[in-house]
Amino acid sequence: MGRLDSSRAMVYSTSTSLEELPEEEPDSHAALQSHQETLPELDRGALPDVALECAGFLTGIELDVSVMVRSIPLRGFDQQMAHLVTDYMESNGTKFLWKCVPTKVERMPTGQLQTTWRHLESGQEGKAHFDTVLWAVGRAPETKALNLEKIGVEVNNKTGKVIVAANDATSVPHIYAIGDIAEVPTTVFTPLEYGCIGLSEEEAVRRHGEENIEVFHAFYKPLEFTVSERDSSQCYIKVSGFGCEVNCAGLCEMIMNSRMMTLPPPEPLFVLRGAASPVNTLKFHCKTSCGAEPFLFSGQGRDLRLCLWDLAEGRCAVTDTIEAGNVGFCQCSLLDRGSSQKLLAVPGSCSDEPDFGPDPLLLAGYENGSLTLWSLSERRQLCSLSCHNEPVLSLDFDSEKLQGVSGAPDKTIKIWKLDGQNCLKLKRSFDVVNPGISHLCIREDKKILAAAGWDHRIRIFGWKKMSPLAVLRFHTESVHCVTFSDHEMSSDRLMAAGSKDQRISVWSIYNQK
């Protein structure tokens, strides 16, 4: 017979149960060895933050640690932030076995544990010996037996946790929930600490639609960093907002550490004014000889001029001009000739062909949305790729990774590869909020990508994984072009953006070594 409780307020704090574990005998590893058991698949709803936390402190005491991840890290968390955590851990020595599942653990005569795993995509089998195997299977709140729906207490059907307010109150005024059964802000105590509340960006987009979500990025300095004078250059916060109400989507992702990212300025270092028409091309020349100051070319708009800007401190005016003689949409280019010399190529009526060296290749984008690779020496097409549904407006290529990027008037940035047979293959498509990618530029160190948009903004991505890093807002018209300086010192690198508003903004961003 049940018991009836009556009180002004009730507090629930139930225990949690472990998710499915491998069958154990007194010596589980010995049992696995003698019976050759296949390990059961673990619950895919588990959130293995404990695995990363343990891997972090074990690596910190200089142990050799490997983490096996069957799909994605920190399932249910924002994946951009989760990968920032794992990237940081990898850079500090933690090894990751991605898209792998364990199939068998055997104790060897030496006492070590031989772990066998299978790669989920290739099907290939791998083996390694470890001193210790730690299972991180997650835990589930014990709320099903409480029949909370009978009294109107709201529960997250996916996690089984009770939804609570800031004061731990449930949807029923006099009932409260605390501990692991409550849906509360979460902190992951990895080497790069990670705190979050509400929806991940992926879940916010799924619920409200990508066109209704705005993602904000900022850097900040926590109070404890101020008091202890710790380096706050990598304190990072991400907020996804639904419509005009930033708090509606309820996502707040914070990462605090001192080795992840540098602090970009909220405003440009300086602004160059004096262009008599919209700026549609920019080129730096910083590797000058005899200690000369670096300079910047801009043009060529309807004023038929190429402008030369001296970037020495305090100089924000045009120092010289070159008559282009033609107006058009094609951008000028600086061709490296070696010995700190460059050749400036501008659209014109002449047909002179410079010497490009042996067997040069040319990548071109066309109005039908395709990309074509040409052999200039053989004057023939090597391959073509249908990439966009609208005209290709810009492209850039990473010759080290043999990987390129292109943009069009639509809402997508395309990433593609060039294989060993000189064939172009589409790798992935990355969606942006607003249409119109007018220009793309990969920085010389191949770490970040800048995208100039019709929506007056400059978007910064990590080139390795296309992780969104920042959205820079300054211009009042479409941003037509963006470029990075070729300073030899990484700390001196600049980024410049030209706009229809006839201004050039110069920025210093992500200049860590």
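Using the three backbone atoms N, Cα and C, a Cβ is placed for every residue, glycine included.
The region 'Disordered' annotation in TrEMBL covers 1-36.
Note on the domain 'FAD/NAD(P)-binding' (50-187): DSSP counts are 34 helix, 43 strand, 61 coil. The annotation domain 'FAD/NAD(P)-binding' is assigned in TrEMBL to 50-187.
Residues 361, 363, 365-373, 432-442, 446, 449, 451-452, 454, 463, 466 of the same chain sit 6 or more residues outside the repeat 'WD' (385-426) yet have a Cβ under 8 Å from a Cβ within it. Per TrEMBL, repeat 'WD' is recorded for 385-426 (among others).
According to TrEMBL, the feature repeat 'WD' maps to 472-513 (among others). With a cut-off of 8 Å between Cβ atoms, the residues of this chain six or more beyond the repeat 'WD' (472-513) that come close are 233, 261-262, 264-265, 267-273, 275-287, 294, 296, 298, 309, 311, 331, 436, 438-441, 443-445, 447-448, 450-460.
Break the repeat 'WD' (472-513) down by DSSP state and the numbers are 3 helix, 18 strand, 21 coil.
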